[in-house]
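Pulled from TrEMBL:
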DOMAIN    8-234  domain 'Radical SAM core'
BINDING   ARG17, ARG68, SER99, LYS160, ARG262, LEU263, ARG264  GTP binding site
BINDING   TYR30, GLY72, SER123, MET194  S-adenosyl-L-methionine binding site
BINDING   CYS257, CYS260, CYS274  [4Fe-4S] cluster 2 binding site
Amino acid sequence: MSNRLEDNFGRRFSYLRLSITEQCNFRCQYCLPDGSSVDASCSKAELTLPEIEILVRSFAALGTKKVRISGGEPSLRKDLCAIIRTIKAIPGIETVALSTNGYRLKKDVVAWREAGLDQLNISIDSLDAATFALITGQDRLSDILEGLELASELGFSAIKINTVLLKFYNAMALPDFLAFVQKRNISLRFIELMQTGDSNAFFKKQQQSASAWCEQLQQQGWQLQTPALHAGPAREYQHPDYQGKIGFITPYSEHFCDDCNRLRVSSTGQLFLCLFAEEHQNLRPLLQAVMRQNESSQNQQKPDTQVLQQWLQQQVQQKTASHLLTTQQTGATRHFAMIGG
């Protein structure tokens, strides 16, 4: 067996999306629809820093080069800087990224950058303060935008804004978003709303195709860019009069599974081969076995992760060719706070 993560379809997985908490201080309706909740006891079961280190070392030994820290809201973990620093120091890891709602951005982004954070994704679903508060349950847009301006001065290799398309909240807001990126060197990605187990009613009401916005951009002179190898699912557009880029992530309008390069692990140690897979596998017993072995070993400089690596290589062979969202099969993901999208 080769020393890498490769499935039966020839896809290689160099990107790990690691959730470190299900807790969140926002209540975005597409993430936690009415009636959904996060069990407060989940925080007691979150992966510890030593477990995270062993996990990422195992993935890195198999060719993983990028780790995205997500949630829930990862900035609620008091040891976030230590997590960033630990992951960044692991041989083979080239990029550490963070997805955040921006609540603590203004206060903590300098510390994140100093800890080794390379890239930043911020969720902003509306540039109108009242609409933003309606979607998220938090009147924090101005603070988040101030944090974004601060982050833009810190030398991150990429700053991206994620905006979920919502029919009755932001479907008419394209001109506002275009004005926002005209003088900012950021990538703003519009994401088609995705259905989860708890969001059926909200999805049916709010789902909005990205195709109309793509057509508007092309009519205004925006050019679709040729994607770089392993660039991810977004189709990006550029315009000579704009510093920023516009991207679209369209699981319904256009499948992107052929080039999938990512795997996901939840904050409690569940391996998700796909965001919308029917099943997930618990890798935590293997993490704890490595920890026990390392504690009893005379050589505690580097844990032996061979068994965990072999298990990961076996599991990735079960990955399917594509998600089945178009047939309303949303898999085991009840809501996005479980795994971070």
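A Cβ is built for glycine as well, from the same backbone N, Cα and C atoms used for every other residue.
Since this is a predicted model, take the numbers as computed values, not measurements.
Between the C-alpha atoms of MET194 (S-adenosyl-L-methionine binding site) and CYS274 ([4Fe-4S] cluster 2 binding site), the distance comes to 13 Å. For the recorded site, CYS274 ([4Fe-4S] cluster 2 binding site), the DSSP three-state label reads coil. Between the CA atoms of ARG68 (GTP binding site) and CYS257 ([4Fe-4S] cluster 2 binding site) there is a gap of 19 Å. Across the structure, SER99 (GTP binding site) and SER123 (S-adenosyl-L-methionine binding site) are spaced 8 Å apart at their Cα atoms.
The binding-site residues close to ARG264 (GTP binding site), defined as a CA atom within 10 A of its CA, are CYS274 out of TYR30, GLY72, CYS257, CYS274. Considering only the binding-site residues ARG17, GLY72, SER123, LYS160, LEU263, the residue whose Cα is spatially closest to the Cα of CYS257 ([4Fe-4S] cluster 2 binding site) is LEU263.
TYR30 (S-adenosyl-L-methionine binding site) and CYS274 ([4Fe-4S] cluster 2 binding site) have their C-alpha atoms 19 Å apart, to the nearest angstrom.
A straight line from the CA of LYS160 (GTP binding site) to the CA of GLY72 (S-adenosyl-L-methionine binding site) spans 18 Å. In terms of Cα distance, none of the binding-site residues chosen from ARG17, GLY72, SER123 sits within 10 Å of CYS274 ([4Fe-4S] cluster 2 binding site).
According to DSSP, ARG68 (GTP binding site) sits within a strand segment.
Geometry remark: SER123 (S-adenosyl-L-methionine binding site) versus ARG17 (GTP binding site), CA distance 16 Å.
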